[in-house]
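Annotated features, as they stand in TrEMBL:
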type	residues	note
DOMAIN	8-157	domain 'CSC1/OSCA1-like N-terminal transmembrane'
TRANSMEM	12-31	transmembrane segment
TRANSMEM	88-108	transmembrane segment
TRANSMEM	136-155	transmembrane segment
DOMAIN	180-369	domain 'CSC1/OSCA1-like cytosolic'
TRANSMEM	378-408	transmembrane segment
DOMAIN	380-653	domain 'CSC1/OSCA1-like 7TM region'
TRANSMEM	428-454	transmembrane segment
TRANSMEM	475-501	transmembrane segment
TRANSMEM	521-550	transmembrane segment
TRANSMEM	590-614	transmembrane segment
TRANSMEM	634-655	transmembrane segment
TRANSMEM	662-683	transmembrane segment
DOMAIN	794-887	domain '10TM putative phosphate transporter extracellular tail'
REGION	879-911	region 'Disordered'
Amino acid sequence: MATSTSQVLTAIASNSVLFGVFMTIFFLFRLKLKRMYEPKSSYDLIDEEKKPEPLPRGLWQWFVPLLKKSDNFVIQEAGIDGYFFLRYLLLICAYCGVSLLYMFPIILTVNATDGKNEGGMDRLAYQNIKHHKGRYYAHVFCGWVFYWMFLFVIYRELYYYNSLRCAVLSSPRYGRKLSSRTVLFQTVPEQYLSEREFNKLFDGVKRIWIARGGKQLLEKRVAQREELVHKLETTAVKHIRKALKAVCKELKKRPGEPVVPDINFYIRPEKRPKGRFSPLEEGPKSKFKFLNPKVDTMEHIRSVLPDLDAEITKLQMNNINASPFNSVFVEFESQYQAQVAAQVVTHHGPLSMCPSHVGIAPGDVYWPNMRMFWWERLVRSIIAVSAACALAIFWSFPVAFVGMISNINYLTNKLHWLRFIYKLPRPLLGLLTSLAPSIALAWLMSFLPTFIRMMAQIQGAATSQLLDYFVQQSFFAFQLVQVFLVVTVTSAVTSTVTKIVQNPTDAMTLLASNLPKSSNFFISYILLQGMGVSSAILAQFIPLIFFYIIGPRSDTTPRKKYTRFTDLDTPGWGTAYPVYTNLAVITFSYAIISPLILLFATVGFFLLYVAWLYTLTYVQAEGADNRGMNYPRALFQTIVGLYLGQICLLGLFAVGKGWGPIVLQAIGLGVTVIVHLHLNYAFDHLMKYVPVDTMKPLNGKSDTPSFKNIYKDTGTNPEEEIKELPKFPLPKYQRKNSLPPMDLPTSDSSDKTIQYNPLPEESYQLSENKISWVPLLADGADGHVPPAPLYKRFFLPHIYLSFKNVKNKLPETYGIPDPETPETEEANADAYNYPAVTSACPSVWLPRDPFGFSKQLVEEFCDVVNISDENATITLDGEIEWQGGPPAAGPPQSSKQGGDDDSSEEYKFET
């Protein structure tokens, strides 16, 4: 059996074993461990409106209903980001599956017939062609169809993304959000770091937050308070456990003895928890803490915390005197005014009042980067990019070694000591050259996201969305260079190194002829991702270990147990997209050279789609709202695969001296460049902002979720006169039970214009959807799109994927405001203030024990911190259970919050 065939078959077998093991875990525990495999449908961990219906019971009964879930369901459960991520996986799967239907009969036949008689799977690849230059035309024309059709698919997807994004952002759910109405301006000149001056710049300003604070005394004190309260909580729980242990010992010695409800009776003062503390002036992370003497931990915190809390309160009240950052958050009356303000040129000076960002939730702000000047941002960007490039160079060495291992059998002619590998059993040799390098490569790549995210913070990203976006761009570049280019080159060099040494002048020809052999390694890598990773995602293997093995041992307080149970994992799109985008690039690069990769990519991406569909809809919660911005970035990054595939073909044709195919391939590459540039030009601005016609009403005056007519009651409305061409059809949206439209009078200003009464300010219901909408300019007068066959809908996206036609994709919940983010003046007053300014003192949550020890501690510390022993209990064995949530952060409460029964003096327990 040829090495290539053995390598791929071994990869299939080994990954099938992994797939079987992980799927067995999933099948066995899916119905038993609901918290791990169906938390969103089994527990009240998310809002009721997003709670999905449970899937059918049984081993396979869930599969078909899961695949039949509608777009509405996916958007509601996974959010717009999760929906587009799943769409990307399904898009690559479908395109590869359709392409192999015409690629296999043509390309495989051309490659395999009357060739060089290569062994195994290499016989089906490009390198098997002997010297039949005329056969290159098959590769050229199949490449035209394959690559150009995908460019059209990208255009279609970008059109759909833009339409759905606009529909989402103009919906009542998003249009009325505080984040949609708020703009962040950075690098603000000193003149406008005043509410009065800034208010002069724009119309429709509602509220202004000028960020103040930073790495000053207030932030330092807040960090110290959080550390002290956390230390008090963990120490108090440990103290209760120690007392219960002492009680158990006493009861074993003297059964029937009454238990004294005094924790100090069982733990003498010298046995109380002790620790070393630094003076407040040195901060919570003092390097010389170990030099300080040990003191009673709880007594020390009790004496220090009130003064520290009072100091923080004073600093918060005086924060208005702190020096401002050069960043300003501005809330406008509506999303329309916010979008206009974000796009206009605000200041005459270069690099002033920019960048500006809209759609930022308060929790998404990365505050350390709110104080940067333009030159600091420039220097930081250079440092971050330089560090990333240096790491890419350094990381190429271990990755190159992995690439050499995948073709180690070709090195034995010169490195005789490696010939021992031929003594290995063939399955083990296949594992060495297929599965082992694939796992090693995936392991090497897993270390990069943390470093890249650190570089994003250094670079100056202002929000978690921009951090994610930087990670996506940089991590994809790493994946492309390391996983694809370095491995491809080292694999090709390794497979030809002996012949290159013998005939150095033929190096280019040898490398070109052996370049397709690298596809065998990438088939193994796709199998690992498609079978091994997808099944591991379903099995929740790592979370399973942390939740049921590590968690019970490390979670020693009610708060930790509560947090572990109620906090659902969230996806990180900056790290998820690049892995699969790179797989798509690899597939497209080798699609013409070695079409067999399309089959494995189809299966792999389908399995990944199923795994992520289940995980995003039933297991994971929504993360930071990126509003789908990662999807078009992934589509444009996938075009790199089109370039690499065509450049490789151009090089192979040049080595084979097929001049006709070279010219045709150059034409194909040129068309790709032109289309790419035009796609970027057409959609770049649309993907950053919300178009005006998707926010303003059809009549130009009525309020919509995204537009508020701020001139309505002033008598100075610049849009008082609404005029249209006489033949423009009347709006199709009419009130129910309304009279037929009357003839409208002609305007005096022109013979060719007519004036009509504006539509009333009420909702209108689209026939395709149950959501009520105010008709918008983007809807046009005719809101109906006639049905059409599939081929017509595919090739006419400007009609069938238009704004008004994709609204039916949205769930009904998008027609109402988000209940998780109530928009009230009181809630929004401090929304964009520096967190330390509004930070409240954390609470202490103790478990209630049978003997009143927790009640005693609550009474002891009730004047110091908000402390409670409600909603949690602890047994004699030290096992903690919670029944509700922790107490809220805030000032200390009365001592009556301790136990319900404060009249009992003794507790009696019979062993």
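Each residue, glycine too, has its Cβ placed from N, Cα and C.
Curation plays no part in TrEMBL annotations; they are all automatic predictions.
Residues 7-8, 11-12, 15-16, 18-19, 21-23, 25-26, 29, 33, 35-37, 403, 406-407, 434-435, 437-439, 441-442, 483-484, 487, 491, 564, 569, 579-580, 583, 586-587, 590, 596-597, 600-601, 603-608, 610-612, 614-615, 619 of the same chain lie 6 or more positions beyond the ends of the transmembrane segment (521-550) yet place their CB under 8 Å from a CB of it. Cβ atoms under 8 Å from those of the transmembrane segment (662-683) belong to residues 137, 140-141, 143-144, 147-148, 151, 154-155, 158, 162, 632, 636, 639, 642-643, 646-647, 649-650, 653-654 of the same chain, restricted to positions at least 6 beyond its ends. Mean pLDDT for the domain 'CSC1/OSCA1-like 7TM region' (380-653) in the predicted structure: 84. Broken down by DSSP into helix, strand and coil, the domain 'CSC1/OSCA1-like N-terminal transmembrane' (8-157) contains 113 helix, 0 strand, 37 coil. With DSSP classes pooled into helix, strand and coil, the tally for the domain '10TM putative phosphate transporter extracellular tail' (794-887) is 33 helix, 11 strand, 50 coil.
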